[in-house]
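Listed in TrEMBL:
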- 14-55: repeat 'WD' (REPEAT)
- 103-137: repeat 'WD' (REPEAT)
- 138-179: repeat 'WD' (REPEAT)
- 180-221: repeat 'WD' (REPEAT)
- 222-263: repeat 'WD' (REPEAT)
- 264-297: repeat 'WD' (REPEAT)
Amino acid sequence: MNIKATYFKTIKVLREHEGAVKSVKFSNDGHRIVSASWDKTIRVWDAMSGKQTQIFDDSDYKFNSAAFSNDGLLVMSSQGEAIQVWSIKLKIKLKEWRDASEIWDATYSPDGNYIASGSSNGTIQLWDGKSGNEIRELKRHAKKVSSVHFSSDSTMIVSASYDGTLIVWNTTSGKRITALKGHEHPVTRAKFSPDGRLIASCSQDKTIRIWNVKSKSILQVLTGHTDVVNDVAFFSNGQTLASCSNDMTIRLWDLSSGDEIAKLEGHLSGVQKIDIAPDGRLLVSGSDDNTVRIWGD
């Protein structure tokens, strides 16, 4: 897949949220988007029309994250110290369980067997993806865990922390595989490449770093953002990366050269999260300007 620098432009602006949008995620089929906001709602959208199809607002707290289950029938969310699972069909909350401190990120494993969450006390919790029962707690980070992400084969987890480090974990054993150090300030997000060989991380130091998982080495440092970089996302080709920042922009990068190939502008405040549809034709972003934007051709 060849990503053209001129390909993406705003095609929909979704304005129903009344607070900062802290999470956006496509369903596995790319047909829907789920967003989580500090307006205490989770909303589900049709990715093509931009129409809101579902709202979950049975909450007294701000939501930090949300994601679809692999089959697209459920939405999992995090807020405060709790993780919730919602039924899209029944339009109700099915279950809720709690951690010891505030959960900043939570995600399903690609195989659906696990949920990983990262908390403000520096721990990562691994939960059973079906029952929600706790499997184990991973303790290594000295400060808040800002993100957790599974490799595509579900065998590894990478966690990012405000202690400035990334840690790669073995999902089955819970043992630490490696720690990656290089950012000069808190790390806001880290994600595996589709083949699991690379990790992209972003930071309050305004940079994006590309790591080789096996050698633990930094392959590239991508610079261009003028404020905190909040999120990164690989395209399925593994050679194109998207990033978003408090500088109100989304940028696309060619990892074969390290060049910035596009800058997407339109948000009126910091861009907190991005995701890319599985076919690479759409990109979604959530911002502190209370909007969700869908980008494409």
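Quick reminder: no glycine exception, Cβ is built from N, Cα and C everywhere.
Unlike curated records, TrEMBL annotations are generated automatically.
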If you count every Cβ pair below 8 Å, which range out of 14-55, 103-137, 138-179, 180-221 shares the most with the repeat 'WD' (264-297)?
14-55
Count the residues of the repeat 'WD' (264-297) that DSSP assigns to helix (H, G, I), to strand (E, B) and to coil, and report the three numbers in that order.
0 helix, 18 strand, 16 coil
For the repeat 'WD' (222-263), give me same-chain residues lying six or more residues beyond its boundaries with a C-beta closer than 8 angstroms to one of its C-beta atoms, as numbers and ranges.
1, 3, 5-8, 188-195, 198, 200-204, 206-210, 269-276, 278-280, 283, 285, 287, 295
Spatial neighbours of the repeat 'WD' (138-179) far in sequence, C-beta under 8 Å, 6+ residues away:
104-111, 113-114, 116-126, 185-192, 194-196, 199, 201, 203, 211, 213, 216
Confidence summary (mean pLDDT) of the repeat 'WD' (103-137):
96
Mind tallying the repeat 'WD' (138-179) by DSSP state, helix then strand then coil?
0 helix, 24 strand, 18 coil
